[in-house]
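Notes follow once the structure below has been shown.
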Amino acid sequence: MTTNLPIEALGVSVCVFIYSIGCLILSTLLVCLLIAYGERSKYVTLVSTFTALSTFASIVQQVHFVANWSIIRQAHFEEAMQKLLRHGIAFGGAGETWDVVLFNIQFYCYNVMTLNILFWAISLFNSSWACTFTQLGGRHHNLALSSKFFSILWPGFVVSILQVEALHHMPTLHIIVTYATIFVSLTFGSILLVLILFKYIKTRRLVAECYMDDDWWGPSENELLTDRDSKIENYGKVSSKLWSRKRSIYDRALITRFTIGFVIMAVFEVVIVFLTLHRIKSNAIMVKSGEPDLSVSNAIVESLLFLPGVSASLMAFLVFGTTKPWSNYRDLMLGDCSGGRRKMSKRMQYNSSFSDSRFAQPSGSFSKIMSRES
């Protein structure tokens, strides 16, 4: 493949490309295993799916970037000059058609991810405070279903609105429309996260006796019962105090993972916003120079700017994909029908047979916190 990218910057671009492929593989494995374990309708699966999609779009954009470097830079220069002359601000970072399309796909995915994190936090808050605010109870399933549809449809509407030419004549409004979803989601999500953590710290058992078998990031109820039965068989009895302490450890890990995931997502979105502001500044400098920046240093910087976007897949895997043993991924990749798939099938059968008895528990208890997130 003939490349217009400066040869001095090609090494950096290749390294970024290899890193991106690795991130895509990890996020794809996470999504496949989540689906295999019957978690396809969970918030964590939606977040992981769209991180994988955004990473794939970024990889395609990187290939396009290397193959059409000078064309992309020239289109970028003309777009920045046009916006600076018309509106007094050189916002936007893409001018070439396919570059714009691939950017919009990634931007759409970022908004879907942000909204799902927000609705996940709302669902957690709804469950954790249900006993305090009784009017919150009884809406979990409707909230989850409608929020997932909204999180997929709304970003598409935002991207469509941003294509309206009239909006480009109002730079301030354009920027507000672009980042309103992200800022609102992060603001309300942060408030809800603080309230959730407050409730957990206050009670110390926010997610006690939760549906462990319905949650990817925690041990299955079957695993816990097997462990418990083994202790009964060997020692005759199990200390309920020690058992509660063990479950509390898992609860703490669950909340910790969600908190880490939210913080990482918040940092990621803030970085995206700062990169946009950096783009506006660099565009203004480029327009003043009167020609597109085709320097080696700019090519290296542009290559490195792909890293934050693809790193979302790696972060999703590290936060949500490291709670199960590597043998699960091995079985999935090797198609171990006699081993891995049978275990998954047994677990799904167990979930089905055990769920009815679980619904008999009091609706206000904290034990249902994560089961209601779907």
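Please read every residue number as a count from 1 along the shown chain.
Here the Cβ of each residue, glycine as well, is placed from N, Cα and C on the backbone.
Noted in TrEMBL for the protein shown:
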type	residues	note
COMPBIAS	353-368	compositional bias 'Polar residues'
REGION	353-374	region 'Disordered'
TRANSMEM	12-37	transmembrane segment
TRANSMEM	43-63	transmembrane segment
TRANSMEM	149-167	transmembrane segment
TRANSMEM	173-198	transmembrane segment
TRANSMEM	254-280	transmembrane segment
TRANSMEM	300-320	transmembrane segment
Contact between the transmembrane segment (300-320) and the transmembrane segment (173-198) (at least 3 Cβ pairs under 8 Å, separation 6+): no
Sequence-remote partners of the transmembrane segment (173-198) [C-beta within less than 8 Å, at least six residues beyond its ends]: 91, 110-111, 114-115, 117-118, 121-122, 124-125, 128-129, 154-155, 158, 161-162, 167, 206, 255, 259, 262, 266, 269-270, 272-273, 276
For the transmembrane segment (43-63), sequence-distant contacts whose Cβ falls under 8 Å of one of its Cβ atoms, 6 or more beyond its ends: 13, 16-17, 20-21, 23-24, 27-28, 30-31, 34-35, 99, 102-103, 105-106, 109-110, 112-113, 116-117, 119-120, 123, 144, 148, 151, 216-217, 261, 303, 306, 309-310, 312-313, 316-317, 320-321, 373-374
